[in-house]
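One structure is given here, and the rest of the page talks about it.
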Amino acid sequence: MTDRPRLRLHDTAAGAVRDFVPLRDGHVSIYLCGATVQGLPHIGHVRSGVAFDILRRWLIALGYDVAFIRNVTDIDDKILNKAAAAGRPWWEWAATYERAFSAAYDALDVLPPSAEPRATGHITQMVELIERLIEKGHAYTGDGDVYFDVLSYPEYGQLSGHRIDDVHQGEGVASGKRDQRDFTLWKGAKPGEPSWPTPWGRGRPGWHTECVAMAHEYLGPEFDIHCGGMDLVFPHHENEIAQSRAAGDGFARYWLHNGWVTMGGEKMSKSLGNVLAIPAMLQRVRPAELRYYLGSAHYRSMLEFSDTALQDAVKAYVGVEEFLHRVRVRVGAVEPGEPTPRFADALNDDLAVPAALAEVHQARAEGNRALDSGDHEGALRQARSIRAMMGILGCDPLHERWETRDESSAALAAVDVLVRAELQNREKAREQRNWALADEIRNRLKQAGIEVTDTADGPQWTLGGDGK
């Protein structure tokens, strides 16, 4: 598809659906806030990856060349605290869970980003940005830290709608702040923590500064789309805009935010203890089925997890899969065709995946009727269209990704990467006689459906009866 029909996307900054017009004709630049690699990925994390992978695939189908950047936050308070509690180097902890996230994305066939920068690899760019903000009077030093002066930027709140009097950064009280509404750009060095030299002393970057510097480095001072979870609208994305604009640059022209995965009406999060880890989910369903489920709701809506909803999604996916296999057996090879006009209309309407999937299942129903009546040409036509549509959604059952790999083996391989990272943490805790941490890790794995057995050859785990 190269005629590029009109695409409309909901822009959080505008609070409305807008026509999408890229900065450069034929090219789209996207920045997605990636993971803070502090622990195992759960389906709430991966939903964001799947949602914006569909956006990327649709833009490619429309004929755009897409630059897609997804960062890795590998230096953060949570990473430092968890690594210290486990007696591990912070960088090793971050690298371990970065691999776990990569395995989870790969298991669900989320396309690799054009670049995946780590925060620690871009300290120079962050320091340069902060220097510009200080020079322009938008930032100041205090007790070894550097803060952004919120009152110096009158447009603060334009993304989130927050009134300046209602701003709470969630950073706690800091003695170096002139105003508690200000936010941290740079944290002064503390004993035992990593630090880098700067003109105002050693320290490490604040979270909000990291993404601005990396977005500028890979996409320039102005780019098309910034994506992330709706929980990032404030303060993270609001603070990104303030820094970039105050420094004299543009920033993202469209802001897209996905809804949460919820359980019992509450956001899925580690702090609430209601997460469903990827290993547990891959025990219950195949990777393609999990991807179908996570991508089936509108990206801006909440996805309330339930076993019934998951099994309904599996049943729907299997119905499509079985139809395509029937056509291939009775008619012959099924090459991808073109999406239906109604499917294209749905995705052009702010990525309305539920309406797009309704078109997939309508085509399946018509194809089954054609096949049953002996209309092989009609059945093949519907099957080819379905392959195109499901391919854009990233879960075409006949794609070589799912066809040439035994899915249970692929899932098990992904689980193995994730579980062994946790077992490595547990062994180090045992070596240090940190029995409480070792038990905590074992219990966490048990909650994910994984049983650990200590043997003379080291810990072994079982998943659904299969030993590793």
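Cβ atoms are placed via backbone N, Cα and C, with glycine included.
According to Swiss-Prot, the Zn(2+) binding site annotation covers CYS33, CYS211, HIS236, GLU240, on the basis of sequence analysis. According to Swiss-Prot, the feature ATP binding site maps to LYS270. Taken from Swiss-Prot, the feature motif ''HIGH' region' covers 35-45. Per Swiss-Prot, motif ''KMSKS' region' is recorded for 267-271.
When DSSP labels each residue, the motif ''HIGH' region' (35-45) comes out as 3 helix, 2 strand, 6 coil, counted as helix, strand and coil in that order. Neighbour counts were taken at the CB atom with a 10 A radius for the binding-site residues CYS33, CYS211; the maximum falls on CYS211. As a whole-number mean, the pLDDT of the motif ''HIGH' region' (35-45) in this prediction is 92. Those same-chain residues not listed among CYS33, CYS211, HIS236, GLU240 yet with C-beta within 8 angstroms of the centroid of the Zn(2+) site C-beta atoms are TRP207, HIS208, GLU210, VAL212, HIS226, GLY228, LEU232, HIS237, ASN239. Taking the Cβ of HIS236 (Zn(2+) binding site) as centre and 10 Å as the limit, one finds 17 other Cβ atoms among all the protein chains shown. According to its DSSP assignment, CYS33 (Zn(2+) binding site) is coil.
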